[in-house]
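Below is one structure, written out as structure tokens; the observations come after it.
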Amino acid sequence: MAPPIYSALIISLGLGTTMTFASTHWYLAWMGIEINTLAIIPLMAQNHIPRAIEATTKYFFVQATASATLLFASISNAFLTGQWDITHTPYTLTSTLITLALAMKIGLAPLHSWMPEVMQGLNLLTGLILSTWQKLAPLYLIYQIQPNSPNTFIALGLLSIIVGGWGGFNQVQLRKILAYSSIAHLGWMILILSFLPPLALLTIIIYILMTFSLFSSFMLTRTTHINSLSTTWAKIPILTISTPLILLSLGGLPPLTGFAPKWLILQELTKQNLAPLATLAALSSLFSLYFYLRLSYAMTLTMPPNNPAGTLPWRLNPRHNTLPMALTTTLTICLLPMTPTIMTLLPF
């Protein structure tokens, strides 16, 4: 893709999300999401292979369905209330329709089935954008509507945690595993959104840090299959140490950064007299932890076949700047002791 076109698409991605963030009107917010969707489609289809075209087509149809539902629900809400204000959704039917449409856009269970298949057809950089930046605008709108009853958010969040962990069990393609990881982490965000929105913000910030670090590691070694992880030591040996720590941080193991949001979410659910829900969420996260441990095992405790040295990839020269990956990896591993300070900066 030509650099001017690529730059224009990236700017459009930023513009669409910014427009949604700045909107108080449903129609402008919907326009921002549509600009976002139309900007990422050429990025998804830039590799002219059947799998990428198939993934792009699936993504377009799913997003078009979700956008049509969102527009219908927002028009219905405006018809019933007489105003287009995003925060004014007093009717249960319209707020539920809007929530489900936005859940389909970001891939929350049970509207998640498109996410792993689409991710499998993309390159890692586009998959990173789909897993992080494309979630921000819909999550912002979900935060704005805030239904009177948290039951919808609790059901979506808990189901996403379970499906995100269960779905990644037998996967060997890293992009599908990362898709299920995204579904599970979104479940944690939605679960706490009704009770403590600043904690949901902290959760998504830490999720973006961890996901950026992991995608960058895989892009650096050009790895897309679990069997390729065992040759990381031959390509970039330091990643054999850092990537398993990133994976364990995604799983939420202490003393790594990923433990902080899960710990705080479980604490808040217990304060809200939802100890059974907190217990079920914690037990369900063990499914996700299993496949993170599986990837760590494949990377550190297995060795490649004894092929002649000439056939092994050896010491690849990085094709992009590794400084952002180094910074985010450090934060992904070492940020837990800073949790009290971070909590004072956010409006808890």
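Every residue, even glycine, has its Cβ placed from backbone N, Cα and C.
Any TrEMBL annotation is an automated prediction that lacks curation.
What TrEMBL records for 23-287 is domain 'NADH:quinone oxidoreductase/Mrp antiporter transmembrane'. Here TrEMBL flags 289-343 as domain 'NADH dehydrogenase subunit 2 C-terminal'. According to TrEMBL, the feature transmembrane segment maps to 6-28, 59-79, 91-109, 121-141, 153-170, 177-196, 202-221, 233-254, 274-293, 325-346.
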Inset, instruction - Verify whether three or more Cβ pairs under 8 angstroms connect the transmembrane segment (59-79) with the transmembrane segment (121-141), leaving out any pair fewer than 6 apart in sequence. - result: no
Legend entry - Recorded stretches the transmembrane segment (153-170) and the transmembrane segment (274-293) touching, at least 3 CB pairs under 8 Å: yes
Inset, instruction - Sort out for me which stretch, of 59-79, 91-109, 177-196, 202-221, 325-346, has the most Cβ pairs below 8 angstroms to the transmembrane segment (233-254). - result: 202-221
Legend entry - Contact between the transmembrane segment (202-221) and the transmembrane segment (274-293) (3 or more Cβ pairs under 8 Å, separation 6+): no
Legend entry - Among 91-109, 177-196, 274-293, stretch most in contact with the transmembrane segment (59-79) (C-beta, under 8 angstroms): 91-109
Inset, instruction - Six or more residues out from either end of the transmembrane segment (177-196), which same-chain residues have a Cβ under 8 Å from its Cβ atoms? - result: 106-109, 112, 115-116, 118-120, 127, 131, 135, 139, 142-143, 146-147, 150, 153-154, 156-165, 167-168, 171, 203-204, 207, 211, 214-215, 226, 250, 261-262, 265, 268-269, 272, 277, 281, 285, 288, 291-292, 295, 348
